[in-house]
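Pasting the feature list from TrEMBL:
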TRANSMEM  95-112  transmembrane segment
TRANSMEM  181-203  transmembrane segment
TRANSMEM  209-230  transmembrane segment
TRANSMEM  320-341  transmembrane segment
TRANSMEM  361-382  transmembrane segment
TRANSMEM  402-423  transmembrane segment
TRANSMEM  443-473  transmembrane segment
TRANSMEM  485-506  transmembrane segment
TRANSMEM  530-549  transmembrane segment
């Protein structure tokens with residue numbers, strides 16, 4: 001294949017024909033994809049960053065209910081990709097799953113724009129007294145939101161992995177470019193978020209919610225048009241397994257049936273296909289690792305099960321998923337911290353002095369743009385300066401290992417929530433000093449005092465958000481990379497649900513009887529500082545759990561064999577000491 005100029009990883013065009021490496025894929029193909037990502041993120045953050053304000057000011061929900069509903073919707077947007085990824089890996093493939101889902105997404109955006117534009121679909125106010133939203137108004141609004149969540153379920157896990165598919169792992173130059181792909185992919189995502197938090201939030205609050213949602217809807221339609229222009233040069237992965245997730249069930253079952261058998265002393269005595277079979281199929285052989293050894297019994301020859309034994313590669317695929325699950329669990333608390341940006345940080349900002357000059361008021365949600373600003377500045381610095389510098393020091397093509405990257409991000413995030421706690425303590429002091437009690441009274445403290453926590457969370461995201469996306473794509477079994485990236489999205493989703501749960505429980509416990517709720521409707525008469533202190537404590541404990549999980553994790557090592565020779569992927573480049581966080 002290589003002598004004919006075709007890609008070496010077996011990718012094909014939309015009709016299933018082999019593709020020429022020189023005329024397809026790489027950055028040229030990705031250029032058509034990043035436009036969609038930028039507009040989709042603009043649409044998502046255009047909703048998410050100011051949704052808590054829409055719910056409280058337009059639908060007249062209370063603070064706890066609005067925070068809970070924002071978290072539940074955001075959680076759904078990040079959880080549904082599990083279904084979309086499964087459909088892509090098992091049935092339709094990434095391209096067609098994305099195509100169907102993007103249409104559902106656009107329908108949801110059109111419905112939402114219609115909902116916020118029509119007066120009959122919003123509660124009315126008379127002489128300053130506002131009616132509660134009717135059942136029809138609530139149903140129509142949330143149907144629109146959750147239609148978007150369903151559409152995101154198919155687009156989010158597939159568009160980024162489809163972009164990564166445009167680089168050939170067998171080509172050293174393309175492999176090197178792939179290392180930078182996720183950095184620049186997230187850069188386009190941050191760009192869309194910046195437009196949302198700067199421009200769309202202002203438009204929503206000053207020119208109308210319909211226009212604020214209509215603009216990203218039109219942008220989304222335009223980006224889809226651009227996406228399909230690139231169809232002739234896209235590369236498509238060939239599905240090599242009928243049901244990629246089947247091994248996740250089969251391996252534990254057979255290991256259970258063989259639980260009384262003795263595992264051989266040497267892994268070479270376990271069942272594995274001959275190298276020629278991997279050559280013929282084009283699949284990657286995964287090396288044995290000495291973790292989760294109870295699963296090795298599924299590969300014992302002449303076992304008790306009526307089914308044939310699993311191969312070492314199948315067993316290792318299941319081990320990879322279990323290892324990723326361990327890392328996934330310790331990303332939930334950091335995702336909960338991230339959920340504050342679009343909820344409590346915004347409500348906190350509405351109580352502070354937002355004036356800029358004599359007449360201009362900064363929308364509280366616009367401060368989220370500084371998260372994006374710090375990301376946009378940090379990504380090029382990370383990719384162009386930090387990675388080459390660390391590469392010379394460590395010999396690792398990524399500069400540092402994936403888990404090191406995550407650990408650095410989590411530490412920065414803890415610093416951010418510590419600053420948020422300190423700022424809230426200062427805000428509460430100003431409230432006491434000026435005897436402020438009313439929910440609409442402005443605390444004489446500039447909203448820009450919140451900037452450090454926003455900026456630090458943006459820098460942290462360059463390490464942990466991009467790192468997580470790359471980690472779960474890179475470490476997933478070969479035929480489950482769409483499903484693998486849903487570890488990233490579902491972690492954010494569960495983090496949102498966890499924040500919703502924490503807010504609700506904390507409010508009920510602290511507001512019991514005549515107690516003062518930490519998160520009441522009146523943030524000027526609450527104890528948000530206590531809640532931030534609580535988040536700081538659990539974040540610090542979670543960092544300890546992350547260090548433990550990292551010490552147990554073993555990176556994936558694959559061998560790809562073909563007729564001209566053998567290539568081993570992800571061995572020395574990602575080899576780490578038993579501590580997991582050291583090179």
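Glycine is no exception: its Cβ is also placed from the backbone N, Cα and C atoms.
It should be emphasised that the depicted structure is a prediction, and the values quoted were computed from it without experimental measurement.
Give me the lay of the land around each of these features.
For the transmembrane segment (181-203), the list of distant contacts is 30, 34-35, 37-46, 49-50, 160, 163-164, 167, 211-212, 215-216, 363, 365-369, 371-373, 375-376, 379-380, 382-383, 462, 465-466, 469-470, 473: same-chain residues at least six beyond its ends, Cβ to Cβ under 8 Å.
Long-range contacts of the transmembrane segment (209-230) within the same chain, counting only residues at least 6 positions beyond its ends with a Cβ under 8 Å from a Cβ of the stretch, are 29, 31-33, 35-36, 38-40, 42-43, 46-47, 50, 54, 58, 102, 105-106, 109-110, 112-113, 116-117, 196, 200-201, 203.
Listed as Cβ neighbours of the transmembrane segment (443-473) (distance under 8 Å, sequence separation of 6 or more from its ends, same chain) are residues 160-161, 164, 182-183, 186, 324, 327-328, 331, 334, 337-338, 341, 345, 348-349, 351-354, 362, 364, 367-368, 370-375, 378-379, 382, 402-403, 405-406, 408-410, 412-413, 415-417, 419-420, 423, 426-427, 430-431, 434, 436, 481, 484-488, 491, 524.
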When only pairs 6 or more apart in sequence are counted, do the transmembrane segment (530-549) and the transmembrane segment (320-341) reach 3 or more Cβ pairs under 8 Å?
yes
